[in-house]
């Protein structure tokens with residue numbers, strides 16, 4: 001009998017994907033920033049905090065659960081790949097049918113081969129993690145706790161401090177969209193699972209974690225507003241300096257939120273678990289290179305509301321509607337295509353395992 005998923009973590013997945021969509025709703029809108037005062041620019045840019053926070057949560061959840069598994073999950077890899085191909089090709093077909101203006105050689109190739117041609121960096125990193133996690137687990141379990149802490153400390157300094165504070169390109173200057181960052185976050189999530197009983201003062205105290213979460217988010221908000229203010233005089237920094245994927249504040253905030261959920265009471269909700277099963281699909285449709293330009297600029301068009309006093313709430317409301325709408329879309333896909341998907345996954349997994357074993 002298949003074990004039921006703990007709905008508190010499934011709810012966290014839903015929160016994480018909403019944060020990503022919230023970021024994209026602001027980031028992919030073609031705002032006229034230079035017609036706004038700096039503080040209004042800052043308000044519109046604040047949702048960007050949610051993007052990498054949500055991504056970090058996904059990787060932490062992955063490490064937390066997969067550290068307890070040793071078997072290669074080929075069916076899960078194939079299922080994610082098929083979902084990516086389905087939506088990527090469906091969106092490409094719509095783009096050709098309606099002659100979307102952003103159809104280029106780059107977007108066509110990225111849609112035809114989304115994993116290879118960087119159509120979705122997160123999906124690429126996630127699939128690589130799914131392919132190598134049994135090896136990562138062997139490495140992790142071979143470490144003593146002291147060695148593990150040393151590895152995480154060195155990784156934190158190199159990947160987060162050097163990158164965000166010193167702009168050191170050795171850390172990978174691609175807004176945290178790298179496999180090495182995904183592996184590091186996997187290691188952090190695994191550590192939280194393996195040694196959660198040894199740091200209860202911090203991990204079990206929701207008040208402490210709540211304060212840490214609020215403080216780090218306030219610091220990120222402050223960094224955006226301060227940089228926007230300073231750009232009146234100098235362009236030395238971009239507003240995402242301390243809120244991109246290599247931001248130490250994003251990592252700390254994600255860990256604090258994760259620990260709050262981890263130490264909350266477990267529960268089960270079939271509705272929450274069902275909605276959580278759509279999170280990957282929501283990301284795939286929302287982050288497509290083709291839908292970015294057309295959907296947000298032409299269809300949603302929040303730019304027309306940029307002078308509205310409540311624009312921040314409008315962005316949040318639009319993100320919520322988009323998230324729920326895409327979840328319902330994928331539930332419909334699951335209803336219609338799951339029987340076919342199961343047969344294809346079973347067939348491909350048998351073929352692949354036959355050559356591996």
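Residue positions begin at 1 at the first shown residue.
Backbone N, Cα and C define each Cβ position, glycine as well.
Residues or ranges marked as domain 'Acyltransferase 3' in TrEMBL: 9-326.
Annotation comment: TrEMBL describes 12-29 (among others) as transmembrane segment. Taking Cβ pairs closer than 8 Å, the transmembrane segment (12-29) reaches residues 44-55, 57-58, 61, 257-258, 261, 272, 275-276, 279, 282-283, 286-287, 292-293, 295-297, 300-303, 315-316, 318-320, 322-323, 326 in its own chain, all 6 or more past its ends.
Non-local neighbours of the transmembrane segment (49-68) in the same chain are 9, 12-13, 15-20, 22-24, 27, 122, 126, 129, 133, 137, 140, 175-176, 182, 185-194, 217, 220-221, 224, 243-245, 247, 250-251, 253-255, 257-258, 262; each lies 6+ residues outside the stretch with a CB under 8 Å from one of its CB atoms. As annotated by TrEMBL, transmembrane segment applies to 49-68 (among others).
If you look up TrEMBL, you'll see 80-98 (among others) marked as transmembrane segment.
The transmembrane segment annotation in TrEMBL covers 118-136 (among others).
The transmembrane segment annotation in TrEMBL covers 148-165 (among others).
Sequence annotations record features per position, and here TrEMBL assigns transmembrane segment to 171-195 (among others).
According to TrEMBL, the transmembrane segment annotation covers 207-227 (among others).
Summarising the annotation, TrEMBL assigns transmembrane segment to 247-268 (among others). Nonlocal intrachain contacts for the transmembrane segment (247-268), taken as residues 6+ away from its ends with a CB within less than 8 angstroms of a stretch CB, comprise 4, 6-9, 11-12, 49, 52-53, 56-57, 60-61, 64, 156, 160-161, 164, 176, 185, 188-189, 192, 196, 202-204, 206, 209-210, 212-213, 216-217, 219-220, 223.
Under the heading transmembrane segment, TrEMBL lists 280-299 (among others). Cβ atoms under 8 Å from those of the transmembrane segment (280-299) belong to residues 17, 20-21, 24-25, 28-30, 80, 83-84, 87-88, 91-92, 95, 100-103, 106-107, 110-111, 119-120, 122-123, 322-323, 326-327, 329-330, 333 of the same chain, restricted to positions at least 6 beyond its ends.
What TrEMBL records for 311-332 (among others) is transmembrane segment. Away from its own ends, the transmembrane segment (311-332) comes close to residues 17-18, 21-22, 24-26, 40, 43-44, 46-47, 274-275, 277-278, 281-282, 285-286, 300, 302, 305 of its chain (Cβ-Cβ under 8 Å, at least six residues beyond either end).
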Can you see whether the transmembrane segment (118-136) and the transmembrane segment (80-98) are touching - at least 3 CB pairs under 8 angstroms, only pairs 6 or more apart in sequence?
yes
Please indicate, using numbers and ranges, the residues of the same chain that are 6 or more beyond the transmembrane segment (207-227) and have a C-beta under 8 Å from a C-beta there.
38-39, 42, 45-46, 48-49, 201, 237-243, 247, 249-250, 252-253, 256-257, 259-260, 263
